[in-house]
C-alpha cells in the first residue's frame, strides 16, 4: 500500500516541478515574441552606464526574466494561500485536509488562473519589490535545503554502514570509500579551478579569501567527523557526510563568485552582441536546479520518524489506525479489497501541512532567483553593485552549511541529556 501522506507530497512536488519546467521554457529564444504581445509587459530597453555595454539593453533579453517572475509569483502565492489555509490541521477528518489531499483538477486550475493574472500586474515597482521578497525567501529555502542535505548525508552513511556490518561484505566498504574519495577529488578540483578562474595573481583578494577560508573550514569539519571523541557520541559519523558537505560548500563558493559584478559585466557583453543567445544559462544555475529537484523529491518521499526532515516539518510518529467503533468479522474482512492508497492520517497528520506549503512557497522564490541568476530584470545597470547581496547570501549560506553540519557532530557530546540516535 502507498501512504496518502507520501502521495500528496509527491503530487505537490510534481506541480512545483511542472511550474519550474514552464519557467525554463519561457527563457527559451523565440518565446519573447509571444510574451511581448501582453499589454504593458515590455517597454523598450533599459539604460546602461557601464563601460563596454550598449547604451540600451533591449527588452528581448529580459522579457524571459519578467515571465519567470510572474510564473513564480503565481506559484508562490498559491502555496502561501494553502499554507495559511492548512494551519493547525490535526488529522485527515478536518475538512481542510480534504482540500489539501484532493481536488487536484480544481487546484491546478486555480494555480493557472493566478499565474495568468500575474502576467497582467503593472510593471511599476512590482519587479523591484518581488526581487527583495525573492531574495529573502530564497535564502530561507537555502537554509531548509541545508537541513535536507545534512539529513540525506547522515542517512546515506547510516544505510551503507548498516549493510556493511550486517552482510559483512567488502563491496559496501569499497563503495563507501569510492564515493567519499570522488567527492573529495571533485571538491579539490573545484577549488583549484575557482582559484585559477576567479582569483587572478594580482588582486581578487576577496575571492582568494572565500576559496581558502572555505577549504580550511571543510578540512576542520572533516577532521572533526573522525575524531575518537566525536565517534564515541556519534558512532555513525564519517567522512562520507563530510565529503558531501565539502562538495556542497565548494558549489556555493563557486556560485557566489559567478554573481560578482565583474563577472556579470562580461556576461552582459556577450548577451548584448547581435549573435548572442538570449537565454542566460550557466552551469551553476543548472547545478542549483538539480540540487533543488533532489531536495524537493527527498523531502516528499522521506518518511523515517528519526529523520531531521520529519522533525523539520513537525511530523508526528506513524501510528496504527484502528477504528474501535466498527468491528469487522473475519468473513467480511476477507471480502474487503485493500485500497491502493492508505489513509494513514485519520488520527494524526504525518507532517505539518502548513509548513510543507510554506516550504514550497520558499522553493518557488528560490527557483525564481536561480533562473534569473539573482538579478532583477528592471534594475539600474548604472549600479552593478546590486549583485553583491546575492554574493553574500550564497557565501554566508556556505558558512551556515558547515556550521550546521559541525553542530550535528558536536551536539551529542554537548547536550548529553538529549537523544540523538
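Indices start at 1 and increase along the chain as displayed.
Placement of Cβ uses the backbone N, Cα and C atoms for every residue, glycine included.
Not measured: the values here are computed from a predicted model.
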Given the ranges 44-66, 205-227, which one is assigned the annotation transmembrane segment in TrEMBL? 205-227
The annotated transmembrane segment range in TrEMBL, which must be one of 128-152, 303-327: 128-152
Could you tell me whether the transmembrane segment (128-152) and the transmembrane segment (395-415) are in contact, taking contact to mean 3+ Cβ pairs under 8 Å with a sequence separation of 6 or more? yes
For the transmembrane segment (128-152), sequence-distant contacts whose Cβ falls under 8 Å of one of its Cβ atoms, 6 or more beyond its ends: 69, 72-73, 76, 241, 244-245, 248, 291-292, 295, 298-299, 302, 307-309, 312, 359, 361-366, 368-370, 374, 376, 378-379, 389-390, 393-394, 397, 400-401, 404-405, 408
Under 8 Å between C-beta atoms and at least six residues away from its ends: which parts of the chain pack against the transmembrane segment (173-199)? 157, 160-161, 164, 207-208, 211, 215, 218, 238-240, 243-244, 246-247, 249-251, 253-254, 257, 260, 263
Same-chain residues at least 6 beyond the ends of the transmembrane segment (239-257) whose Cβ lies under 8 Å from its Cβ atoms: 149-150, 152-154, 156-157, 160, 176, 179-181, 183-184, 186-187, 190-191, 194, 198, 207, 210-211, 214-215, 217-218, 221-222, 225-226, 263, 284, 287-288, 291, 390-392, 394-395, 397-398, 401-402, 405
